[in-house]
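Student: When I checked Swiss-Prot for this same protein, it listed these features:
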SIGNAL    1-17  signal peptide
DOMAIN    68-90  domain 'Follistatin-like'
DISULFID  Cys69-Cys80  disulfide bond
DISULFID  Cys74-Cys90  disulfide bond
DOMAIN    86-148  domain 'Kazal-like'
DISULFID  Cys92-Cys127  disulfide bond
DISULFID  Cys98-Cys120  disulfide bond
DISULFID  Cys109-Cys146  disulfide bond
CARBOHYD  Asn113  N-linked glycosylation site
DISULFID  Cys152-Cys262  disulfide bond
DOMAIN    258-293  domain 'EF-hand'
DISULFID  Cys270-Cys286  disulfide bond
BINDING   Asp271, Asp273, Asp275, Tyr277, Glu282  Ca(2+) binding site
Amino acid sequence: MRVWVFFVLCLAGKALAAPQQDALPEEEEVIEDVPAEETVGTNPVQVDVGEFDEAINEEEEEEPSENPCLNHHCKHGKVCEVDESNTPLCVCQDPSTCPTSVGEFEKICGTDNKTYDSSCHFFATKCTLEGTKKGHKLHLDYIGPCKYIAPCLDNELSEFPLRIGDWLKNVLVSLYERDENNNLLNEKQKLRVKKIHENEKRLESWRPHSELLVRDFEKNYNMYIFPVHWQFGQLDQHPIDGYLSHTELSPLRAPLIPMEHCTTRFFDECDIDDDKYIALEEWAKCFGIKEQDVDKDMIV
């Protein structure tokens, strides 16, 4: 999986790098060996939400076994131990017991601007801070060691959603072209992307440069509506409630920040009412989608 995420992040870096500036070095992912979880989303830059999910607190129990911990699953940052009555329970993992990272790509930066050796170290530390103000504020910020992120200027921020929107459209077209028997898209999604794909083939001889992104968005506006809805649906998973939390955004924003310095400001300003959640209407507005074109039924 490490190789897969490394490949897709490279792909995303190439697709998203701002043409007016040098691409930031790609400082990749946070991967630890955890039980396989159901894949969330099919966006190739979107890292499995399980890697960053701070909100799923279920501790599942199955049939008793010799070792009660074998079938007792704990969330990230916790490990299973048994008490005096041989009952399994989840306790915070000691960060010193985490495996040593093997490269820079395993390091992550927290919102405390501290570099953690791996996701294991980060979540174990966060667990020990549960119930404290510091722990409540601590989240995974981005993949790779902490580094200087240049401020996002107003003119750069205005271009960012156009570039991301164009990229989302291209991601969907690519999935459609590769989706013969892979079930990357469901049937309803394929029907919506089919028209976008046909239009893309017609326009493939002309691809927009940065200064032409606005013109392309205005001219081909209808081609951007579904990709924006689709990406929202890919992220809105825990729970599926029509709102994106910081945790739900992490699979997309964490790989982007080292490559796109406007990522944090963009998502912060998407939260128009500043309630720490991004509703579909706020998300669509951030990408320039008109209010009358926002449709919950488009998230299929």
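Quick reminder: no glycine exception, Cβ is built from N, Cα and C everywhere.
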Student: Return only the integer: C-alpha distance in Å from Cys69 (disulfide bond) to Tyr277 (Ca(2+) binding site).
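Tutor: Here the two Cα atoms lie 35 Å apart.
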Student: Once Asp271, Asp273, Asp275, Tyr277, Glu282 are set aside, which residues in the chain still have Cβ within 8 Å of the Cβ centroid of the Ca(2+) site?
Tutor: Tyr243, Cys270, Ile272, Asp274, Lys276, Ile278, Ala279
Student: Whole-number Å only: compute the distance from the Cα of Cys152 (disulfide bond) to the Cα of Asp271 (Ca(2+) binding site).
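Tutor: Cα to Cα, Cys152 (disulfide bond) and Asp271 (Ca(2+) binding site) are separated by 17 Å.
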Student: Which one is it: of the recorded positions Cys74, Cys80, Cys90, Asn113, Cys127, whose Cα lies the shortest distance from the Cα of Asp273 (Ca(2+) binding site)?
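Tutor: Smallest Cα separation from Asp273 (Ca(2+) binding site) among Cys74, Cys80, Cys90, Asn113, Cys127: Asn113.
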Student: Tell me the coarse DSSP state (helix, strand, coil) of Cys262 (disulfide bond).
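Tutor: Once the DSSP labels are grouped into three classes, Cys262 (disulfide bond) ends up as coil.
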Student: Restricting to the recorded positions Cys98, Cys120, Asp271, which ones have a CA within 10 Å of the CA of Cys286 (disulfide bond)?
Tutor: Asp271
Student: Just give me the nearest neighbour of Cys98 (disulfide bond) among the binding-site residues Asp271, Tyr277, Glu282, Cα to Cα.
Tutor: Tyr277
Student: Please report the Cα separation of Cys120 (disulfide bond) and Cys127 (disulfide bond) in Å, rounded to an integer.
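Tutor: Roughly 11 Å, rounded to the nearest whole number.
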Student: Where does Cys69 (disulfide bond) sit in the DSSP three-state scheme?
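Tutor: Where Cys69 (disulfide bond) sits, the three-state DSSP reduction gives helix.
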Student: Around Cys74 (disulfide bond), how many other C-beta atoms are within 10 angstroms of its C-beta?
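Tutor: Other Cβ atoms found within 10 Å: 21.
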